[in-house]
Amino acid sequence: MGLVTCKQEREAELQNRQIDTQIRIENQANKRKIKMLLLGVTDSGKSTIVKQMRVNYLDGFNETEVVNAIFVIRNNIIDAFKNICNIILHSDITVTQEEKVLVKLFAYESGKIELMQEVDELNVINAVSGYECIKQFFERFAFHPMVPDHIHYFYPNLDRIASSNYVPTAEDLIHMRQTTLGVHEISFDYTKHIIRLIDVGGQKTERRKWIHFFEGVTAVMFVCSLASFNQTTEEEPKAFVWESSLNKVQNKVLVRSAGKAKVEKPGLINRLDESVDLFKSIRENSFLKMSNFMLFLNKKDLLTKKLTKVVFSDYFPDYKKWITNDNSDVSVAEFIENMFREGLEPEKRMYAHLTQATVTANIEGTFALCCDVIFGKNYEDTNLE
């Protein structure tokens, strides 16, 4: 009887050890899985960051994506020239009779260009890009609110892009603008962890889907474009009415008073204001109470360039109360960061980073800094349990 009891005890002890081992393995596996949510308003640079992660930690872009990018990039350029030509026709820039034919085609009938045979499409792109009125535009209105950010990269590269043997580079794909619809997820190994990065569309119609991904989120990376301070939301109607100088307050699509948005036309919302409001509403969500928050203040390069032509306080008068006679990128970026921190409870920590999503090394370094915080917090929470 005693031998039977001892055998049963040994078997029970062995079974307990096996269970404990399995629990440790499962706990270790759970530790290694990190769920990150990438959020932000449209055109903030979220998808560009995902592309950089693919370049850094996965296999980059496949052949099909490269081929498809030819058409997407050229459509990016056509859409940009549509806005540019529309602005030109409503400004005091001189347009010759010869130039006016293609300028009006881009401004009012750009859809016809997209339907052209490739050789004809390339001919009109190359022709209009060399016009004197286009050169004047970039000298005077390069940072007009209606000018998409990517054209500052594509325009200097048009000779290469608008050629019949064009093959997009990885850098071209990173600068390419393609609206994120639905949910895009990638997973990759990073040190001893498995990162699950989820990118959800930033358009207003897409945001109702976000809540389905809030549970179990280790970190939220919220992306804001620093250069969006003179832009309005993309989904709202736009009016093409401009004066010839960007420095006049009456030329602004948006007029601000006492730090509050007052719009000339109903429905127009300043994109930076929208980004701040969205961040704060997400920060208060109960599902994300224990999540780390990383703020990516993106497009710092465009902010620097834009501030040489545009006065920040014309859009945010409260900036003058914060600092006087300073339109520098450093001060403006600090002011914008404070907009996000305002009203944030002390115990709710936020880690802010200045980023340039189109530069691979910048995102790689920033992501490493974020992971140092995220992994430490993740292990800390696990140990407390």
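Glycine is no exception: its Cβ is also placed from the backbone N, Cα and C atoms.
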Item checked: Range among 126-133, 134-141, 238-245, 294-301 that Swiss-Prot annotates as region 'G4 motif' -> 294-301
Check: Among 35-48, 147-160, 259-272, 315-328, where does Swiss-Prot put the label region 'G1 motif'?
Finding: 35-48
Next item on the list: Fill in the CA-CA distance, S44 (GTP binding site) to T180 (Mg(2+) binding site), as an integer in Å.
Entry: 11
Check: Could you tell me the C-alpha distance between G40 (GTP binding site) and S47 (Mg(2+) binding site) in angstrom, no decimals?
Finding: 10
Notebook entry, point to check: Counting only residues 6+ away from its ends, which parts of the chain sit with a Cβ under 8 Å from the region 'G4 motif' (294-301)?
Noted result: 40, 44-45, 49, 149, 219-228, 279, 329, 333, 336-337, 340, 350-358, 366, 370, 373-374
Next item on the list: Other Cβ atoms within 10 Å is the metric here; tell me which of the binding-site residues S44, S47, Q178, T180, N298 scores highest.
Entry: N298
